[in-house]
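Positions annotated as domain 'Cytidylate kinase' by TrEMBL: 8-219. The ATP binding site annotation in TrEMBL covers Gly12, Pro13, Ser14, Gly15, Thr16, Gly17, Lys18, Ser19, Ser20.
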Amino acid sequence: MERATVIVAIDGPSGTGKSSTSKAVAAQLGLSYLDTGAQYRAITWWMVTNGIDIEDPSAIAAVAGKPEIVSGTDPSGPTITVDGTDVAGPIRTQEVTSKVSAVSAVPEVRARITELQRSIASGAERGIVVEGRDIGTTVLPDADLKIFLTASPEARAARRSGELKGSDVQATREALLKRDAADSSRKTSPLAKADDAVEVDTSDLTLQQVIECVVTLVEEKRAGK
Ligand SMILES: Nc1ncnc2c1ncn2[C@@H]1O[C@H](COP(=O)(O)OP(=O)(O)O)[C@@H](O)[C@H]1O
Ligand SMILES: Nc1ccn([C@H]2C[C@H](O)[C@@H](COP(=O)(O)OP(=O)(O)O)O2)c(=O)n1
């Protein structure tokens, strides 16, 4: 028998296709969608805007509870606000991208955002696709399906620099690898594949192929296979 709700966790490093795959899978299956990276970017944007010293974890920890972050989970138009301000654009700047790993390594930040993520997932009536770095390992360890996306640094850098006009592929590659190293080596819930996650290398797959692969895996789970 088909289960009423389904929780899908999609983790992996930057540029592996998490956001595009998760949004499309959620839309196709009528599920909600949550971009947890956007939440870490939003809290980082707030810290930068409020002049908090990013080099000082205790300063970040002291104010981690202040910003109110709200995520809209419709896959056809996800939204993110901080204290009522739409920050979808500002959270994608180079400045926020370069600071997000330091802010998201602070345990008080992770505790706050993890709680928010769990409450959004438990409120999703038909189920949800949640993408990030620690969803399968920490946020939703009981997810019905866990996917870990990977791709070569070359493929990821080419995809990312395709999005950022005029950017240098080599510089993008270095920045990606630096962020992966920081995210994988932090003490609290690092970027990691859960033991029971299905690993999909997307280097030589089209986005459509990755979407089909994940949709098939969800349908098999739903059918109880
Ligand atoms: N399998 C794929 N083949 C080619 N390009 C892809 C593939 N998956 C995603 N992309 C493109 O790569 C870029 C990064 O994808 P995104 O979903 O944002 O990755 P992530 O969320 O893991 O950082 C986007 O421009 C997206 O359209
Ligand atoms: N579950 C998550 C999601 C993101 N983060 C942190 C670490 C990542 O480098 C940043 C930004 O994540 P995001 O998914 O927006 O990054 P990309 O768009 O894939 O480059 O947030 C995290 O620590 N835990």
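Using N, Cα and C of the backbone, Cβ positions are placed for all residues, glycine too.
Overlay of TrEMBL feature records on the structure.
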{"residue": "Gly12", "record": "ATP binding site", "Cβ neighbours (10 Å)": "26"}
{"residue": "Ser14", "record": "ATP binding site", "Cβ neighbours (10 Å)": "22"}
{"residue": "Thr16", "record": "ATP binding site", "Cβ neighbours (10 Å)": "25"}
{"residue": "Lys18", "record": "ATP binding site", "Cβ neighbours (10 Å)": "26"}
{"residue": "Ser20", "record": "ATP binding site", "Cβ neighbours (10 Å)": "14"}
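Same-chain residues with CB within 8 A of the center of the Gly12, Pro13, Ser14, Gly15, Thr16, Gly17, Lys18, Ser19, Ser20 CB atoms, the ATP site residues themselves not counted, are Thr21, Glu131, Leu149, Ala151, Arg156, Thr202. Secondary structure at Ser20 (ATP binding site), as computed by DSSP, is helix. In this structure, none of the binding-site residues from Gly12, Thr16, Ser20 has a C-beta falling under 6 Å of any atom of ligand 2.
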